[in-house]
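Encoded as structure tokens, the structure appears first; notes follow it.
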Amino acid sequence: MESSILESIGVEIIGVMSPVSICMFLVVLLVYSLSPSNPFSSPSVPIRTAANLVYLETPSDSATQKLEGSLLNALVFVILIAVVTFLLVVLYYYNFTNFLKNYMRFSAFFVLATMGGSIFLSIIQHFSIPVDSITCFLLLFNFTVVGVLSVFSGGIPIILRQAYMVSLGIIVATWFTKLPEWTTWALLVALAVYDLVAVLAPGGPLKLLVELASSRDDELPALVYEARPVVSRSRGSNLGLLVGGVSDSGSVELQAVNESENHRPTTNEGESFPLVSHSRERHSFSSESSEHSTVVVSCDRVQNREPEIVVDEEMSPLVEMMGLGNEREQQTRRDNVEVRGGGGGSDRGIKLGLGDFVFYSVLVGRAAMYDLMTVYACYLAIISGLGCTLILLSVCHRALPALPISIALGVVFYFLTRLLMEPFVVGTATNLMMF
Amino acid sequence: MTIAAGIGYALLALGPSLSLFVSVISKKPFLILTVLSSTLLWLISLIVLSGLWRGFLPLNSTTWWPYGLLLFTSIAFQEGLRLLFWRVYRRLEDLLDAFADKVSKPRLFMTDKMQISLAGGLGHGVAHAVFFCLSLLTPAFGPATFFVDRCSQIPFFLVSAIIALAFVTIHTFSMVIAFNGYAEGNKMDQLFVPVVHLAAGLVTLVNFASGGCIVSIPLLYFIAILTLIYCGKMVWRRLTEHQSTQGNS
């Protein structure tokens with residue numbers, strides 16, 4: 001029996017959604033399991049980071065004070081990020097690529113070693129795991145070194161790289177959840193707005209960066225999650241070079257590249273700014289020629305040792321359908337897609353920046369401090385926002401910010417759930433009324 | 001130990017749907033998307049409903065009729081939403097078929113359509129279990145448990161997990177029945193679903209009486225099993241019909 005199209009539609013969307021889900025799930029778990037220990041330790045030492053330079057929130061302040069303070073904090077943070085991004089653009093413009101890469105490696109090392117280390121320490125303390133310091137140090141060191149190697153070097157299996165991207169996201173997000181409540185919300189909203197401006201407005205730093213990178217046909221010097229298919233999923237594949245393929249029709253390459261994590265050692269806080277960018281390389285194979293299975297072996301620019309097998313799956317069709325549902329539109333779109341040679345150093349699959357991972361998880365983690373119900377609501381909202389962004393991405397063919405839709409939905413759902421739904425559900429469920 | 005209890009409650013409510021998800025849904029990305037969107041739809045319906053009822057909360061917990069009214073409006077609203085879901089699905093099905101033609105793949109099989117409806121139903125069921133049982137489970141991970149006055153024999157978490165399991169079953173399979181009924185234009189199937197949903201909702205009203213949960217839970221499971229059998233028979237009928245028509249042609 002021939003396989004139905006159900007198995008091939010939406011693979012790419014799931015490929016992006018599943019790591020995001022894993023990241024959020026682990027952050028929630030961390031926040032949940034570590035929070036009982038916090039009431040004793042953390043309130044006395046509020047952490048001072050770049051995100052609350054101006055105003056240090058204390059629970060006793062009045063609402064207006066908190067609001068003003070958190071808005072100021074968010075403003076300062078966004079300005080900082082904007083400055084750093086412009087700096088990045090300037091450095092990239094003058095071809096300091098190696099410097100940037102090394103800086104990224106350094107910051108990855110720092111994040112994994114210090115912030116990750118302190119999280120591991122608190123896990124060890126909380127569950128009282130019997131580990132001696134030397135073993136712990138060795139393990140941490142190995143973990144960190146492999147992580148740093150996997151960020152920009154070749155020869156590392158993509159799955160490991162993806163795993164490290166997710167764990168970087170988890171670590172930074174867990175740190176961000178330690179920010180006070182009002183500041184977190186203001187920060188999230190401000191970042192979503194900043195993301196929107198930076199990616200879409202003419203002259204926005206992220207837009208410049210992405211255009212620069214695509215004009216040079218180069219890799220962005222940033223920490224980016226690549227949702228490339230890791231293994232051939234189709235039947236009849238023999239490990240190596242051949243993939244019994246899924247046919248391929250006008251599958252559009254969308255790259256949502258995201259921006260880096262920018263670490264500031266002095267403040268002991270990694271700030272990452274999200275950006276999603278542009279479809280650098282679009283590939284399409286006309287649907288006429290697509291009866292046969294297509295095997296694309298991408299000669300990756302990172303020159304992996306093992307040949308990377310990339311199966312093209314249909315993602316855009318679903319997207320087209322859901323987005324427009326319009327035959328004519330589909331046709332024109334297909335015509336518009338540029339066909340560039342399949343050979344060049346292109347990578348395939350959607351890319352999502354680490355910043356998006358981080359801030360999605362921060363939202364969910366903040367929701368986890370209130371109740372489980374808000375966690376589920378926020379998770380669903382964020383995932384559906386991500387889905388909408390991906391659909392828009394295939395419609396618009398350009399760099400899109402991944403934060404605004406998701407964060408807006410997430411925040412709205414959080415407050416709706418908290419204010420409206422919780423009394424309703426608790427009221428009915430504790431009377432054992434259900435429907 | 002308490003963590004074990006909490007996980008146990010969660011698995012009691014969601015175990016069957018988890019295995020359904022792993023065995024059927026997770027292999028097909030499109031079905032995962034269907035589950036997610038139907039869960040979101042249910043969540044939105046819950047938020048809208050709670051927005052409508054927010055002004056009247058908290059309800060007087062000694063009289064039962066406001067709760068009856070609440071259940072009735074909620075179920076009516078959700079059944080209306082099911083119709084909407086069907087409309088959307090209908091358009092999606094056409095698009096999927098058009099797309100399948102374009103890439104010279106077979107059109108949707110009947111089993112595919114059933115799987116989509118199953119995924120839609122599973123989304124509804126999971127959303128129910130998550131919001132009515134799982135989200136209240138947080139205290140269950142702690143060192144104590146909680147009893148409701150009216151059902152003092154069983155811990156509240158256990159009762160809600162058991163009830164949630166019944167509702168997951170009802171929601172999951174009634175979606176299959178409903179979509180089939182709409183597709184075939186079968187009035188019987190179309191009516192069966194709202195009636196079952198309403199009956200299940202009203203049975204939980206029995207919980208209002210002191211010790212009522214002893215009566216209502218078996219009744220609820222009777223309804224769930226009825227739905228299951230009805231769905232099974234219907235699917236079997238469709239499959240055999242399908243095979244015989246295929247054999248003839």
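Every residue gets a Cβ built from N, Cα and C, even glycine.
Lifted from TrEMBL, the feature list:
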| type | residues | note |
| --- | --- | --- |
| TRANSMEM | B:6-25 | transmembrane segment |
| TRANSMEM | B:30-52 | transmembrane segment |
| TRANSMEM | B:64-85 | transmembrane segment |
| TRANSMEM | B:116-137 | transmembrane segment |
| TRANSMEM | B:157-179 | transmembrane segment |
| TRANSMEM | B:191-209 | transmembrane segment |
| TRANSMEM | B:215-236 | transmembrane segment |
Subject >> Distant-in-sequence neighbours of the transmembrane segment (B:191-209), which means Cβ under 8 A and at least six residues beyond its ends >> reply: 64, 67-68, 71-72, 74-75, 78-79, 82, 150-151, 163, 166-167, 170, 174-175, 177-178, 181, 215-216, 219-220, 223-224, 226-227, 230
Original post:
Based on Cβ pairs under 8 Å, which of the stretches B:6-25, B:30-52, B:64-85 lies most in contact with the transmembrane segment (B:157-179)?
Top reply: B:6-25
Subject >> the transmembrane segment (B:30-52) versus listed stretches B:64-85, B:116-137, B:215-236: most Cβ pairs under 8 Å >> reply: B:116-137
Original post:
Hey, which of B:64-85, B:116-137, B:215-236 has the most Cβ-Cβ pairs under 8 Å against the transmembrane segment (B:6-25)?
Top reply: B:116-137
Original post:
Against which stretches of its own chain does the transmembrane segment (B:215-236) lie, if we need a Cβ under 8 Å and a gap of at least six residues from its ends?
Top reply: 114, 159, 162-163, 166-167, 169-170, 173-174, 176-177, 180, 189, 192, 196, 199-200, 203-207, 209
